[in-house]
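The structure appears right after this line, and notes come after that.
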Amino acid sequence: MSQLRNRTDVIDPFRPKSRGGRYRRGRDLAYRSANGIAANAPVRRSDRRPRSQQDLSMPKLNSSLRHALTVSCGLTALASAMAIAPAAFAQDTKVGEIIITAQKRAENLQDVPVSVAAIGGEKLQSTFAAGEDILALSAKAPGLYAESSNGRAAPRFYIRGLGNADFDLAASQPVSVIQDDVVLENVVLKSSPLYDLDHVEVLRGPQGTLFGRNTTAGIVKFDTIKPTEEMKGRATATYGSYNTITFDGGVGGALVEGKVAARASVLIQHRDNWIDNTYTKKNDALGGFDERAGRLQVLFTPTDKLSALFNVHARDLDGTAAVFRANVLTKGSNKLNSNYERDKVAYDNTANNPQKYKGYGGSANIQYDFDGAKLTSITAYENTHGSSLGDIDGGNPTGPGFIPFQSNTRDGIKNLFQWTQEVRLASDTDGPLKWQVGGFYFDTKYDIRTDPFYIPATTLRQKNKAWAVFGQASYAVNDQLSLTGGLRYTDDDKDMNVVSGPNKAPSVSVSDTHVSWDLSAFYKLQEDVSVYAKVASGFRGPSIQGRDIAFGSPASTAKSETIMSYEVGLKSELFDRRVRLNGAIFTYTIDDPQFSAVGGGSNSNRLINAKKGEAYGLELDGEFVVTPNFVVTAGYSYAHTKIKDSSLAVAPCAACTVTDPLTAGGLALVNGNPFPNAPKYTFDVTARYSYPIASGELFAYTDWKVQGYTNIFLYQSKEFYTKGDFEGGLKLGYANKEGGWEVAAFARNITNESNIKGAIDFNNLTAFVNEPRVVGVSIDAHF
């Protein structure tokens, strides 16, 4: 299937072309390939040459990694040898234009002074072939990392090493998730399933001017396929190991010609339980999931100037929470020991870690074109509820932290609602000045219930209201130089109170106001080579952590963190546009960075502020059209992060080999340590080769990602870190270009790696790991 397909400016299926022959509408985007065929045009396989996307290599590699990369390189070499075959169908020899909306207007990726990675096409499709959730995006773009100790329900994202390891359902994060121009603030909303997607954008670095608070690290932005007047549809169905079934599809077209169009999308994901519970002696007791989601979008264009896109959606998740495995590490080592068996745990809670969440929402995106300006209003509502049960002592009953009684906690969210409203007015002319101004309002409320294993449940209520005004302007000084600047004022208020429970605690309120800004310069060295420099500030609003009230401790708070970031970047298309190579070098300083001190003997979860945090690093994105039939993509990121606070000390794991200096009270001093869950590097590479045959092509596609040294907690120990973990996939198939369909065999985690994705600090050396190998078949069709 098509790799990250290139995109037109902005497509309104019902409107005539405007100046310069380009369509203009503020939302509906489609990749345009180098031969000028839009991705949402009538699909003829000869128009849709498969493509590839993303990432490449690094330091000392262990023997397993060398073996895996040898396999990958072997496949690449085989493809290179086969590349001398005639290219009867694949005719693109250039990388194509990619249109993004990183500055809330449609622009060429190569013309934007922002470090952005875009993921689409085959890379996106292959990533979710085995029923994976949003966490599968980890390391698929340079600088992006994701993990969760809450299973499929509450992902935690990190960009350029900056994130939040807090597992509380009310945790705030410095990476914002935006879907179809609507921010998803709560961690459960961030887990909204991904289906019928057009593409993903990863914006790296502070984005506070246009996107507001809680974007100090960056943004992960999802855009779904929008309605068009022409009847179009697509579907992907897969079947694999553990009876894993996925169906992801969408269909739409005109309901009233020239006036109303609609698109309906659906997702079905299923996996059987496959992990045995040796404590209850029940086979296939947990590990499975059922995810259902649907979306209906209706686009009204009553006049040439007015358009309204309405979106309603819902999800239903019934599955397994994170599978914690106790005593699978040996003191003094970060390697999984003989206690670890991927398909076995010993859970003394007979419910087997259930997880259930339901949610629904809707939005209205209304646009009106004035002469020279466009007014946009985006109103959105989200609602969700559900819970997860986690057993943190499930594993071998021998070890330093064996717990001789049930140790499980149920955390759930009730009656969550989120209202957002954005209004903005943006210039829509061909002159040298581009500008936009707007306002934003945010309102959410929800209850969080924590049900410990030995005391009655506690319910807390959280409220958060925020508003902002913002503006940005760009001016093209000449054909080579353009300057951009922006400003945003934000007011953020949070409140928390105890609704019920045995432990009463006073209400807590925090608030702050902040001005974020950015300045950048973009300079074209030549037609396809540009450089830029950018300085940006931002902030993450104050936070409240109340979960410990359920365990008899007071709530904790953290004041706002503020960031100042500097970066210089390169945007280039080389060798007659057969190569796209983009990169950025960055450094940033954070005042009062927010961290979560998790674990210790009490297994508490306390918010803290360090005095400062510092980081520097780089990102590289490359796409290489070796031949019309052979495309390679590669991406690499490096991030050196450091906590700067000589007096900051946290409780370490008593069963661990802590390498930090200790205070007289046994606390670990963390000054100079890297940020938690901040990979030193990530590396991602894909390769796709196609061989024309009959009315289509045989193809092979492989993708690999590698993660460098990653410290899991604030303190450092010999047990709780990962280094050199890798994972790869392979897809072999036939694509019928005339009929618009594809059939393939695939394998995800093809070498069946067991990689530690996180840990629980409860003195029993508990970890959780990645998904197992899944082998299966897939069918993909477009019409």
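In case you wondered, yes, glycine gets a Cβ from its N, Cα and C as well.
Automated prediction, rather than curation, is the source of TrEMBL annotations.
Bear in mind that the values here come from a model prediction, so they are computed numbers and not experimental data.
Some features that TrEMBL has for this protein:
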type     : residues : note
COMPBIAS : 1-15     : compositional bias 'Basic and acidic residues'
REGION   : 1-26     : region 'Disordered'
COMPBIAS : 16-25    : compositional bias 'Basic residues'
REGION   : 39-60    : region 'Disordered'
TRANSMEM : 68-89    : transmembrane segment
DOMAIN   : 109-219  : domain 'TonB-dependent receptor plug'
DOMAIN   : 333-722  : domain 'TonB-dependent receptor-like beta-barrel'
MOTIF    : 766-783  : motif 'TonB C-terminal box'
Intrachain neighbours beyond the motif 'TonB C-terminal box' (766-783), with Cβ under 8 angstroms and 6 or more residues off its ends: 1, 43, 48, 125, 129-132, 149, 231-242, 244, 274, 322-329, 336, 340, 342-343, 392-393, 395, 401, 727, 731, 733, 740-760
DSSP residue counts for the domain 'TonB-dependent receptor plug' (109-219), split into helix, strand and coil: 21 helix, 33 strand, 57 coil
Per-region confidence, the motif 'TonB C-terminal box' (766-783) (mean pLDDT, whole number): 95
